[in-house]
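As written in TrEMBL, here are the features:
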| type | residues | note |
| --- | --- | --- |
| TRANSMEM | 50-80 | transmembrane segment |
| DOMAIN | 54-493 | domain 'Major facilitator superfamily (MFS) profile' |
| TRANSMEM | 121-139 | transmembrane segment |
| TRANSMEM | 145-166 | transmembrane segment |
| TRANSMEM | 178-195 | transmembrane segment |
| TRANSMEM | 207-230 | transmembrane segment |
| COILED | 250-277 | coiled coil |
| TRANSMEM | 336-359 | transmembrane segment |
| TRANSMEM | 365-387 | transmembrane segment |
| TRANSMEM | 399-427 | transmembrane segment |
| TRANSMEM | 464-489 | transmembrane segment |
Amino acid sequence: MESAKMRPAAMATKSEYRRMELEPEEELDVEEWARRAEAQRRRRRSGGRYVFTCALFASLNAVLLGYDVGVMSGAIIYIQKDLHITEFQEEILVGCLSVVSLLGSLSGGRTSDAIGRKWTMALGAIVFQTGAAIMTFAPSFTVLMIGRLLAGVGIGFGAMISAVYIAEISPAAARGTLTSLPEICINLGILLGYVSNYAFSGLSEHINWRIMLGVGILPSIFIGFALFVIPESPRWLMMEKRVPEARAVLLQISESEDEVEERLAEIEEAASLLKSTKSEDKAVWMELLNPSPAVRRMLYAGCGIQMFQQITGIDATVYYSPTIFRDAGIKSDQELLAATVAVGFTKTVFILVAIFLIDKVGRKPLLYVSTIGMTICLFVLGIALTLQKHAMGLISPRIGIDLAVFAVCGNVAFFSIGMGPICWVLSSEIFPLRLRAQASALGQVGGRVSSGLVSMSFLSMARIISVAGMFFVFAAISTVSVAFVYFCVPETKGKTLEQIEIMFEGGKEWRRGEVELEDTQHLIQSSKKPVSVG
C-alpha cells in the first residue's frame, strides 16, 4: 500500500520536482521564498560534495590495479635480472594477475549481495595487502607468484564492486562523471607505478623491485580509513529491506526530500518488478545464462565493451612499454623508464578531459572519438616500428623513436578519453538492480580474461610476427570496435538506472536511447498485472 502511494513520485521527473519547489506560492512572501530557495541550494551543494567524496573514496580500489600495472612494467626488468626468470615466466607473472582477478570479480558479485558493497571493498583491500606483502619479500619466483595471485584476487574484488557502488549512489545527471573516477584512479595508479620505477631504479637489483612492489600497500591503507566515511549503497539497503537506513543515506546525497521519495520509489519498483513475473523464480545466474532479449542486449553492451577495452591492446601497451620503446631504438633502462613516465602522464591528463565531457557530450560520441583515434595511433605505431627495423635509411633513428613515443602516447590518450572510463560507466549502469552485481562481475571476467590472454601472449606472438605486427593486429581489432559501438552501445547520458532498464526493454528503439514518461508508466502498469499460473 505504501509503495503504491510512492509510485506517482517515481513517475515525475526531477525537473518537475525542482520546478514545483522553486515556484513561490501566493501565500509566501518574497523573503520566505528566497530563504527556502537558498536553503535548497545549500543542500544541493552539500549533497553533491558528499556524493563526490564517497565516489572518490570508493575509487581508491582502482589505484591498486593501476599501480600494479604501471609498476610491473619496470619492476619486471629487475626481477628478471635478480631471480633469473625466463621469458615464459615473465609473461605468466605479468599476465596472470588479469586472469586471477576474475576469481575476485566472480566471487565479488555474490559477496557484495551478501555482506554489502562497502565491506566487499574492504575485503578486497585486505587480500591485496597480503599479496603485496608476500611479493615484496619473495625469495623465489614461486613465492612471488603466490603473492601475485593473492593480489589479483584482491584487485578483482575491489575493481568490480567500486564502479557498482558509485553507480548506485550517484544521481543520474552526474553518474557518468562519478563512475569514471575509478578510471582516473587507475591512471593515477599507473603514473605512480611509473614514477616509482624511475625513482627506485638506481638501487641494487635485489632491492629496487621489492620497494617498487611494496609501495603498492599504501593505497590500500587509505581504503581502510575511507570505510569510516562512506555509507552503504542505498540500493543494497533496499534489497535487504532496510528502508530507514536507505532513506537516511539518500537524505545525505539528494537535493530535496521529494527527490528522496522519488528515488526510493524507483528503487523499490526496480527491486520488486520481477516478483510479478515467472522470471523472478529463477536464480540470477540462470537468468544471465538464459537471458531475455532485453538482458541479452545488456550483456552484449556491458560484456562486449569490457572485452574490446582489453583486446585492443591497452594492457600490453602499458605492461610492455619498455619492450616497445626498446624495439623503437631506446637503449638504456633509465631512458626506457623515463619514456614510460611520459606515457603515464599523458594517460592521466586525458582521463581528466573525459571526466569533464562524459555527462555533457554523452557516451557514444566519446566512444567514437576514442576508438577511431586508437585505431589510427595503433596503425602509426606499427608503421614506426616497421620503419625502424626494415627501413633505417629512410628515416633517422631519432625520428623513429619520437614517432613511436608519440603513437603510444596518442593511443593511451584516446583510450582515456572514451574506452577507458566509459567501459566502467556502461558496465555499472546498464544492468537492472537484481542483476547488477553479478552481471558486472561477468563483464569483468570477460575483460580480465582478455587482458590476461593478451598480456601472457604478447612477447611470444611478437617473437613470431614482430612487435610491429602485434600493433597492426591491435589496429584491426580497434577498427571492429568502432562498429561495435555503433550497433551495440546505446546512449545512457542523463538517465536514471531505472530508465536505462526500460530503454533496453524497448526492442528496436533501444539504440536511440530515448525513454519517455509514458514508457515508465506502461512498465509500472504491466508490473501490476497478475501473473497467470495456467
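Cβ coordinates come from backbone N, Cα and C, glycine included.
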Cβ under 8 Å, sequence separation of at least 6 from the ends of the transmembrane segment (336-359): give me the contacting residues as numbers and ranges.
70, 73-74, 77, 173-177, 180-181, 183-184, 187-188, 190-191, 193-195, 197-198, 201, 317-318, 321-322, 325-326, 330, 366, 405, 408-409, 412-418, 420-422, 425, 493-494
Hey, which bits of the same chain come close to the transmembrane segment (207-230), Cβ under 8 Å, at least six residues off its ends?
53-54, 57-58, 60-61, 63-64, 67-68, 71, 74-75, 78-79, 82, 118-119, 121-122, 125-126, 128-129, 132-133, 135-138, 151, 154, 158, 189, 192-193, 196-197, 200-201
Averaging the per-residue pLDDT over the domain 'Major facilitator superfamily (MFS) profile' (54-493), what integer do you get?
83
